[in-house]
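As annotated by Swiss-Prot, ATP binding site applies to K46, G53, R54, G55, E99, C102, E107. Swiss-Prot lists N199, D213 with the feature Mg(2+) binding site. Here Swiss-Prot flags N264, G321, I322, M323 as substrate binding site. Summarising the annotation, Swiss-Prot assigns domain 'ATP-grasp' to 9-244.
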Amino acid sequence: MNIHEYQGKEIFRSMGVAVPEGRVAFTAEEAVEKAKELNSDVYVVKAQIHAGGRGKAGGVKITKSLSEVETYAKELLGKTLVTHQTGPEGKEIKRLYIEEGCAIQKEYYVGFVIDRATDQVTLMASEEGGTEIEEVAAKTPEKIFKETIDPVIGLSPFQARRIAFNINIPKESVNKAAKFLLALYNVFIEKDCSIVEINPLVTTADGDVLALDAKINFDDNALFRHKDVVELRDLEEEDPKEIEASKHDLSYIALDGDIGCMVNGAGLAMATMDTINHFGGNPANFLDAGGSATREKVTEAFKIILGDENVKGIFVNIFGGIMKCDVIAEGIVEAVKEVDLTLPLVVRLEGTNVELGKKILKDSGLAIEPAATMAEGAQKIVKLVKEA
């Protein structure tokens, strides 16, 4: 689950992570009133959407004038902002964050992530702040420093100071930076985050260390422990199909291809998408039906996939372990009938009760193309979509 920058900064502030003063506004008039409350000489007007790259896309404005705060607010509110993370369709700006400006001395990058190679939380930092960390990693990887964190001990003060020294935080601000990083790590752990990222972290002319940005992603599996976090969810920022999928315990992510995918298991889903790409196709989605799919769940999965008007064919790739192939087959048959499917459909089943599942599909009399392997299924659906 993602949240807005201003919500992230409220969490930071409540847990001892230093941030500039700021207020959220939903109208141009409110933006001016919130700016007045800051009692600052410099104002930063920031578009609030669930995507990075806002500054480069024109979604961040700096001014010393209250009248310009109003002008910028009117310009941004209601505008569709397109960044490298939104896709070409962009996202509509429905709220702004009005923040006090600060005398920036230097910009840095810091982030806590889960390193899948070590299965531990890792602190990443660089003195190349304000730019995409992926670019830094590609062009100057030697400028990224990492600290692997022992889950029993947590982030140690010496690790925080070492990172501060490595990214050339001024000596007079090293202790403040270490305190900042320790507080930020506490946010990551206490709120069950999957990512906590600040780009940029800045040092100021006064020697302060502040978070000028706040990106927080939460582990969806732990949200039951954080009712306060769930209340921050902005459904308007999410794909309606993803929202509908979550209601049925389906993991769905929309992509920009034309071949719908329904798979059980995240690993198999990614392998399926890679195989489709390998044979010249483009997946329209990631959809993990999980290990406990019912007939009803399969039907909902089909409806969600078909909610994407770009879909020209569907590939179902199921390995029946906990999930039995005959149950899936029955669900597929019911779903095809209920949604009156006219698009090409390829189904590959393997595992528990696979022969019974194949018989159910064959006896249905429906236009369902069987496949014995994932590769065969991917080839078939790519061919059928291209011929359609």
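Placed from the backbone N, Cα and C atoms, the Cβ positions cover glycine too.
Swiss-Prot feature annotations superimposed on the structure.
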| residue | record | contacts (Cβ under 8 Å, 6+ apart) |
| --- | --- | --- |
| K46 | ATP binding site | E5, R54, G59, V60, K61, L96, Y97, I98, E99 |
| G53 | ATP binding site | T83, H84, Q85, T86, E132 |
| G55 | ATP binding site | none |
| E107 | ATP binding site | G129, G130, P200, L201, V202, L212 |
| N199 | Mg(2+) binding site | G52, Y109, V110, G111, G129, G130, I133, D213, K215 |
Which residue among the binding-site residues C102, I322, M323 has the fewest other Cβ atoms within 10 Å of its Cβ, if you could check?
-> I322
Rounded Cα-Cα span from C102 (ATP binding site) to N264 (substrate binding site), Å | 49
If you draw a 10 Å sphere on the Cβ of N264 (substrate binding site), how many other Cβ atoms land inside?
-> 23
The sparsest Cβ environment within 10 Å, among the binding-site residues R54, E99, D213, G321, is found at G321
At the level of the C-alpha atoms, what whole-angstrom distance separates C102 (ATP binding site) and G321 (substrate binding site)?
-> 57
What does DSSP say about K46 (ATP binding site): helix, strand or coil?
-> strand
